[in-house]
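Working notes for the structure below.
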Amino acid sequence: MEIQIAIQINVNFQNIIIVQINYFKAMNHLALIFIVFILNLCMAQIDNTTTYKRNLQEIQTQCQLNQFLLGNNCYDCHYSCQQCVGNQFDNCSSCNVVTKRILIDNQCLCLASYYEQDQQAICQQCNKSCLTCQGGSENDCLSCNSNSILTENRCLCKQGYFYNQYNMECQQCNFTCEYCFNSSFDTCIKCMQESLRQLENMQCKCPLGYYSQVGVEKCQRCNEICNSCDSYNSCTSCKEDKVLVMNTCVCQTGYVQVQNGKINICQKCHAQCQSCFGILAYQCSSCMPNWTLQINNTCYCDDGYFLFNNDCLVCDANCLTCSYSSTNCLSCVFGYILQTNNKCCHFTNILLDNSCQCADEFYLDSNGICQNCPQNCLKCDENFDCQECVDKLQTGSQCNQSCLPVNCEECNQIGICTKCFPNYQTNLLGDCICQSQEFFLDLSNTICTKCSMQIDKCNLCDITGCLSCENGYFQQNGYCMNCMDNCKSCQTLIVCDICNDGYFGTSCDQCHESCKNCLGFLNIECRECKENTIQNNIQISLGSISIFSCECDYLFYHDSNFNCQPCNTKCNQCDGGSSLDCLDCFLSQKRVFLAKSCICDTANNFMDLGDDQCYEISCGYGCSDCQLVGIVYECQTCHVGQTYREDNPQQNCPCLSGYYEVNKKQCDQCPYQCGTCSLNVFNQPYCTTCSENRDLNDDCNCNIGYYQSSGQTCLKCSEKCLSCTSTGICIQCQQNFILNNGRCVCALKNFANKSICICSQGYYNHLETQKCLPCHPKCKQCELTSINCVICSDNHYNPPECKCASGLYEQDTMCLPCKNNCHLCKSDSICLDCSNTMILIKNQCECSSGYFNYPGNPICNSCSQNCSECKYHQDNCIKCKYNRVQPQLCICPQGTYEVDITQPCSICNTRCSSCEFDSNNCLKCSLNRINPPTCKCKIGYFENQEQECRKCNSKCTQCETSSDNCLNCKLNSAVPPNCDCLDGYFYDIENGCVKCHDKCLTCNGSDEYHCLSCDNLRFLQLQNTECQCQSNYYQKEDYCQICSIDVEVCQPLICGNGIKQRQEECDDGNFDNRDGCSRDCKLETDYFCQLIPNLLIHNSTSISKCTKCSEQCKHCNSNRCLQCHSGYFMTKSFECNKCDKHCKECSGPFQRDCLSCIKGIDYDLSQKCAFCEETLGLYTNGLHCASLCGDGIIKTDEKCDDGNNLNYDGCSNLCQIEQDWSCSQSNNSQSVCQKLNLSIASLQFQRVKDFYQSQRIGLIQFSKPMILLNSSLIGQWKQQIVNHTDHEDFEIQSTPNYNQNGHLESISILLTLHKSIDYIQYHINFSTYIIHDAIDNYPLKSSSLQTDLLKYKQLSTQTLTTTQASRQFGSTVLFILGGIAALGLLMGSLEFYWNVLDNLQILSYITYINVNFPYMHNQFLDIFQFARFEFTNDYFKIDIINGLDYQQNKDYPLIVQREIEYNLVINFSSILVLWATPLILLLISKFNLFIIHRLLITRFRVINKNQKVNSLKFLGYKVISFIHFISLKYCSSFQYTIILRIYLSSLYDLNFSIFTSAYCWLWNQTPTLVDQISFIIAMTLLLFQFVILFKLSDSLKVSSYQINSFSYEKSFGSLYEGIKSNKQINRQIQFIQPLRKIIFMGALLLFFDSAIYQISLLISIQIMSSFILIFLNPYLNILETIKGITQDVGLSLSLSLILFYFAQDQFQITDQDTIEKLSYIHVGIYTIMLSTSLIIDLYQQFKIITNKYKYIRQITQMCQKKQLEQNQESNRNLFIDLSQQNDIKLTNNQICFADLRIS
């Protein structure tokens, strides 16, 4: 019964299988195999009896896999075999991989590391330690792997290996260990002895002085300069005399390495050097702090420092420069003034007591600036504490307390009285008490009263009364009583002690009226005369007293009281005071005496003009000196007395300014309002100009801001008043002041100078609050708001924004200068841009090796050829080539010579100290040699065996072989070879035989006191080793002469004996110096010596008597000075006066009449020998005066001077006006520079490299709108193609473009070319007509523009026709390929679509090769551009994406020449579209399955064999089934197959975006944040691709039986589609295809700027790919192989032609016509590639359609033959009704659809 049921079910299943096969004819083979496999699996589960299987086999006459057929029976194979031909162990034909066996000689033997156990089919694995074994334990090993050795059937780890218990393998120890228990470096047990390592904390470490090299067992020795290291030249610590700097040991700062024998030691640099290349002062490479390195490698103190004891000490903070001491300033910083004591005081200071102090009511703050004290303070400190008050009766720190002592007028800050009220004085306690004697205290009213106030006429008094009275009074009973009349002083009333003037005697009788004092009543008894009187010539003597009479002086007369009164000025003598009392007249006044009057001499034409003098009136009334010249009177001088005329005879003596002429005689003063005036028609004066401070337009009333005083002058109002009525009453106030009761009060509340009511510098007036608020730190001065700068702070520019100037960076609101030669910087250590000659290395600007820059100069210069490295100067080498020395110069060392500058120095012969050209050609001889180039030994030297020159004995002039073997003797009379000395000579070890002194007969030295014996024949005798004349002889010249005078002893020539002899200049009889005659008997300066007889010896002998000259006199005689000392000059009185400080010597008569200058140089200034520093802005610079650039004072050799040494601020560090700047240039002033915002013209043409374009469109743009009065004026600018004067070859059209204001913005250029031109250079010249900008009216900066447009090639008609035909052919092929690809998509052939896309993309990207392609080539490849999907870019150019700042990238060659989009996001648009399409299809498929499974499946009906189904309904079922199948297949394969296929097809586009971003990054020197993020994203995507490739590499590791598995096909099918994947080499080839695409795109873009590398890499890739296809043939389909070879070989040939195009660009191999013809071949290659691909793809697509969709024909036949119901029923059994799925009962021949559905 069970067997029958099984058979029946099996029959049903077979029917089902047949139905399924019919149904799935349209499905691909893989799906069909998979479904059959599932159905057979179900069958196997039901047929679970082996009997049924055996019967089935017998029926089929086939044996099982592990059986063999013998006759009609099946027998089991040997247990080890999978298939066999017999039952023996060696009858195997195949082995089961699962059993771990391999077929060898028809035997299935166990694999290596496996063994057979108990005749089991499956081999067991050996112990992990065994390579081969006989059992499973570790003691059953037969052999071991290479890491272990076999010992008693056990595999033990070798030396250097350890046993890993986790994977049971021997693993290698760290290379440092001999034995270990882990692979880590810190698990060593023992170290190898020969490695020199030492075990320390389980680590085998190298000892000190050695380092460990990775992979090398033995420790390596460090460089000798290292104490320890991690590589040979990478020190980690140093020896004592060196320090570690960047992993190398160098001498400590301040030391330099010098060679001492064979070792290098560190010696200290010179004290001025911080670092050096030698120990001398001129070998500094950097200086100590506050020093600056000079170009000669010496160090000088910086400005602001002075030299003291080899150290630069800082000047006083106020000094710009100083010398000798910190306060001895030479110049001052800005805002400070150099005082007479060489101190710098702030301009608010005053010099007081030799120091900088403040005036009253100011105090000196911590910065040395005078600030206002608090109100009422006269003096205060910086804490605002008053030290002295304006009101002396106020005390306290704020002068707000009253002085406590009474009767005090002034007191100090602590309340002690310093000044009392009048009549008071302070006592010891500081109280004010009434002064004694002259004052007394009135107790009734406690007032200190003067004695004279209390007691009339009292001088001194006390409480008892008056003690002393005034003159004319005497004291009596405490009161003052009157003396008698006319008494000046008396003691009693009746006796006068002293009378008043004019009185005499004790009774004070009156003198005569003519006397002032007298002895009697008579006029002749006068003792003293009155004023204006004189004594009479007659005097009477009365003892000691004389009396006389008094008369009036000249021009005076006695009045009635005998007082002398002056005569009238016109009288010479008079008896009264009027002009009518004259007794005589002045002839000089041209007056004559008439009736006691002096009148003008009218007879001689003299007239009275108002003063004493009478004038000749022939020259007019204004003339005072009229003389007859010839026959005409001429005025010589004008009358300038009381007539108020100018002394201007030529102008007829006009009235003085401010006077007007009333008549011809008189000038009257103008009204007080007038400066000058005239008479009007009414004969009244009116003002022609006003007096001071008056307004002529306002009738000469006072100017605004002035008021008229009572003195009728206009006085200035208070500074706070704009207008006023008097000095204290304002009616209108200045800005910021407000009017309050006639006074102007400052409204500002804080941080202001209230005296002028202006906010302090750095503050602005906030109008609403009337407060001074701080400006932004960038503003030095601002207004209205804190950021509205009026004046920028230091290093800022361009108010009101005030940005940091170029070359500066902002830090904490400060602009600090870039350092280290940065052109632009982000901070002091991060450079962003360098000068053109420097390179940016790790954010620092440095010169490349072999170049140097001067300090502070960014220009790199080439080092000397001797240097491998240099610094600061081309010859200042820090590293020399070859064996050269002296790093500063890198010359050949001493003893070598230059062969070639490119070769080491060769060694000179030992005879040479230096040589050239040849070792024997000496330039300088070695020691003791002369006469180069032969360099023989000096005379007096001999050459020994070592070729050294040794000195001869001093007795020899020449010797040989030895020093004592003389050839010639120095002494002619001596005999060689011994050369002994004769009498009169002595032997000197240095000089040989030396002559004795003339006085000596024999001697032991050359001086006169070295005598041993004397010559008696010359009357000499020996006295204490000196030969002197005998007695009665004296020295005369060289002989002793007998004395000729009668003296006891005649002295020889002895200085100081008091006898002046002929050989002596003087002899003063002593041995003293500095007394006029020296101890050598020489005349000394400053003295005059004369000879006088020396009577002590004899009257015939003379002795010198010396007298000192006057002060500073160098030579004199007995009467006067003859010559002054240097620095003094002689006056007319023969005195020596000191020259001016500027003179070294002067001539007089003035101190400044210099003959020579104290500095030795006359700088040709206005005053001879003047110092440069005495002229403002000049400084000493060697032999000349020079201005100091940066001191803020313009001199003639400077174009500007802005007070600093910064560049890029208008005035350069060389004080030259920089480009695009304007600076003020007034001498002796500081330049003020402003940036000229000049308009710049720029020129750009489109498609410059398209040399087939006959029309070139360009645009001239101006940075500012320009003024162009008429468009026709453009014609004045000369536009041309350089070197092409024939305008028939081209045509230029210029069109101006104006803005809405009518100003010129740009000019459009249309250049039309009419014939081929090899080189086109467009040029426009603006200088013929200068235009100005419309904003600042500055002229256009650009004078001309030009640009290269390469060339123009005019194409022939044949080329154009052929190109058009090729494009049409290419478009047709492309259209057909596109249609086939679309059909393939519809029919499920996705691989065809992807292959077409790959081929078209690679053709489209060829245009990015950097060569000039022929015209036809370019036009043909243009049709493939769509394959790059660039049209999608336009849809992504939204504001957010376009807002990303990539503007700095657009000028890169790749971006500009190929018009590539550089925005990473926009470049990804095509990839996003490519990925979005399959995702949308996935959603549609999911939706289809949802509709079919959830909605439509319930509407299917149960169909049995007898049921008829409508054909249309059946067709609907078929369509739904097909949609279901396609959707299900797409969803199931999406995760692996489709995603991988899309990725592989998008590789070109994806990597195009990645490497475009990388290319821009490589070019970009100043990347922004967006650039950095873009680059990081691109590199992340590139890395992600390598991760994918790593993941795909798993496909290379699988076994051959796994290749055909469903999971393998599902995961890697898209990668290996269409190839012979059973061969690993084929899989490897296909695996590297994605990598080939990545490399292709990287080479294409990254090497764009190096076309030769770009093309070479691409050719290499394609040639290798061609060889692989030809020789390995990895494709399953031979047609695919043919197509692939055609594509790769075609591309290789195409790239080879492109390489020829490159050679044409570089070397012009042939003409352009040949290149154009060559492009026919090139396009032909592309045509063959496309045609081959088209034919093969058409054939294969047709074949696929034919094989896959045969059931369409069957459906048609079924519709026509409805009578075949059985077939219809069979085909309709697919659809089952599930409408009653809850309680469905299946009948025979029915089956649930759900059981067949693939989910």
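Cβ atoms are placed via backbone N, Cα and C, with glycine included.
According to TrEMBL, the feature domain 'EGF-like' maps to 179-220, 228-267, 268-300, 402-433, 482-509, 618-654, 676-715, 716-745, 817-846, 914-950, 958-994, 995-1028 (among others). The transmembrane segment annotation in TrEMBL covers 29-46, 1373-1394, 1472-1493, 1514-1536, 1542-1562, 1569-1590, 1651-1672, 1684-1703, 1718-1739.
If one looks beyond the transmembrane segment (1684-1703) by at least 6 residues along the same chain, the residues whose Cβ comes under 8 Å of a Cβ in the stretch are 1399, 1402, 1406, 1409, 1411-1414, 1651-1652, 1655-1656, 1658-1659, 1662-1663, 1665-1666, 1669-1670, 1675, 1709, 1715, 1718, 1721-1722, 1725-1726, 1728-1729, 1732-1733. With DSSP classes pooled into helix, strand and coil, the tally for the domain 'EGF-like' (402-433) is 0 helix, 14 strand, 18 coil. Two recorded stretches are said to be in contact when at least 3 C-beta pairs lie under 8 angstroms, sequence spacing 6 or more; the transmembrane segment (1514-1536) and the transmembrane segment (1472-1493) meet this definition. Nonlocal intrachain contacts for the domain 'EGF-like' (817-846), taken as residues 6+ away from its ends with a CB within less than 8 angstroms of a stretch CB, comprise 795, 806-809, 811, 853, 856-860, 1206, 1565-1566. Counting Cβ pairs under 8 Å to the transmembrane segment (1472-1493), the top-ranked stretch among 1542-1562, 1569-1590, 1718-1739 is 1542-1562. Within the chain carrying the domain 'EGF-like' (482-509), a Cβ under 8 angstroms from the stretch's Cβ atoms is held by residues 471-474, 515-521, 528, all 6 or more beyond its ends. Counting residues 6+ beyond its ends, the domain 'EGF-like' (716-745) has Cβ neighbours under 8 Å at 693, 704-707, 755-758, 765 in the same chain.
Helix, strand and coil counts from DSSP across the domain 'EGF-like' (817-846) read 0 helix, 15 strand, 15 coil. Distant neighbours of the domain 'EGF-like' (268-300): 253-256, 258, 310-314, 854-855, 871-873, 876, 878, 887-888; these residues of the same chain sit at least 6 beyond its ends, with a Cβ under 8 Å from one of its Cβ atoms.
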